[in-house]
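Q: First the structure, then my questions, so here it is.
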Amino acid sequence: RRINNDCQNFIGNRAMYEKVDWICKDCANIFRQDGLLNNCRSNCFYNTEFLWCIDATENTRNKEQLEQWAAILGAGWN
């Protein structure tokens, strides 16, 4: 299991992290592009690849919730 060191609030939010990370894993499995998984996870999911993967994995109905979870996990980015 890979722990994303970019996510400052991973501890105590493991279930939330796993749901957000699943988007990146699923996207990487679908497209099989080198670096996609790491790019999706970069900056604790605060990036355009993560947003693209939400759409690509047909999770747009959950987009707002996923973005909120990513923001919670990466609180302190700014």
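We number each residue from 1, going along the chain as drawn.
Using the three backbone atoms N, Cα and C, a Cβ is placed for every residue, glycine included.
Per Swiss-Prot, the feature disulfide bond maps to Cys7-Cys44, Cys24-Cys40, Cys27-Cys53.
Help me picture these features in the structure, burial and contacts included.
A: Cys44 (disulfide bond) carries a helical DSSP state (H, G or I).
Sequence-distant contacts of Cys40 (disulfide bond), defined as residues of its own chain at least six apart whose C-beta falls under 8 angstroms from its C-beta, comprise Ile23, Cys24, Cys27, Ala28, Asn47, Glu49, Phe50, Cys53.
Cys53 (disulfide bond) carries a helical DSSP state (H, G or I).
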Q: Quick one: what's DSSP say for Cys24 (disulfide bond), helix, strand or coil?
A: helix
